[in-house]
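Below you'll find the structure, written out as structure tokens, and then a few comments.
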């Protein structure tokens, strides 16, 4: 029986590519333009961010070796802090997974408008986005092996322009172009680096992907930690080398208004054909990451449903172990949100929802850091000082990211937390038919 289950699971390389693909997603292709508002000094922001992201990846790597349970942050929060925080973590992360997909598919299909101008029509764009979302829902239903293969191909295609610019872009790199825009933010050095962090801190969302998908990974105790750290390192190298090279290729004034920095850099170096290839690869990278995030939405909901913290329908699986009903529900919700974002006013509001959903992932990150301090207590051995330092750095990384968010985004995130509290009480009453034990003794830990 176990061998049949393992046959549907995936190995180290596909999981590592899923992590790096989920991290880079669509954002990497717009990063140079976003960072151009600060200038070349952004390299310092990258160094700070990479230290924080690596610390967070090491937190997840250690947690997955201590507890290889599927569900990632949800499983850790539930084990260490009880069902309430487990429920809260799962709802936040589940929402973030599929809401983020809606923003990502619009960007990915938008790149395809380079080849099919009709996609610039709002109705055609929306219908195409819905079709693409359902393609990835159906691929997930086929099984995790299928979706990780698709994402592996998509990630490799996305890496073509990124690695190409990171390696060969330096032949067109001009030091004077880079240094002429060293700090164009109008702020002092510290302020400029802080403004950079507001962009770069978000660039590593997805570091937890392997631990959430542990239930479909072969030998998770070994492969999940390696895939987590490996995926972050791949993303970090690609980010720094490619964005720095582009900042030395394209003058700052042009880069700040560029809608396709990688495409512009490729056209500058090799002509229009190269620009078209980059647009295709960017679309493949964006759309390919949809598969991984849809898989995570299904797996985190299934893990909670198995524990009774999500409706039982999310735990129903097919022969491949895929939570079919949960994925179909996610598909319906994504379709509704996709159509609701067609009008200009709704699109503006959805932009806020997308930003809030990113903050949703930071709360599970913070809980995972705290969980490592509890679960690792007495198990770190001589490495205890190192893991305390790593956890502290990861804490600071997450908190700094929240501080850099807008006040409106933080407010709505807090409102969501309050709503989840009420939902937890209703869910408790659904599961427990007997009266609440008023005389139950208070546990002394």
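Note: Cβ is positioned from N, Cα and C throughout, glycine not excepted.
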Do residue 9 and residue 36 share a side of the membrane, as Swiss-Prot has it?
no
Looking at Swiss-Prot, 23, 96, 97, 101, 293 are annotated for agmatine. Which of 205, 226, 229 sits in that same site?
205
Looking at 181-192, 193-204, 253-264, which one is transmembrane segment according to Swiss-Prot?
193-204
Other than its close neighbours in sequence, what residues sit by the topological domain 'Cytoplasmic' (302-325), given a CB gap under 8 Å and a spacing of at least six beyond its ends?
5, 8, 69-71, 74-75, 78, 83, 86-87, 90, 94, 140-144, 215-216, 427, 431
Composition by DSSP (helix, strand, coil) of residues within the topological domain 'Periplasmic' (25-41):
8 helix, 0 strand, 9 coil
Are there recorded positions among 93, 97, 208, 293, 365 that sit within 10 Å of residue 357 (L-arginine binding site), Cα to Cα? If so, list them; otherwise say none.
93, 97
Other than 23, 96, 97, 101, 205, 293, which residues of the same chain sit close to agmatine? List them in sequence order, counting a residue when its Cβ is within 8 Å of the Cβ centroid of the site.
22, 25, 100, 104, 206, 289, 292, 296, 361
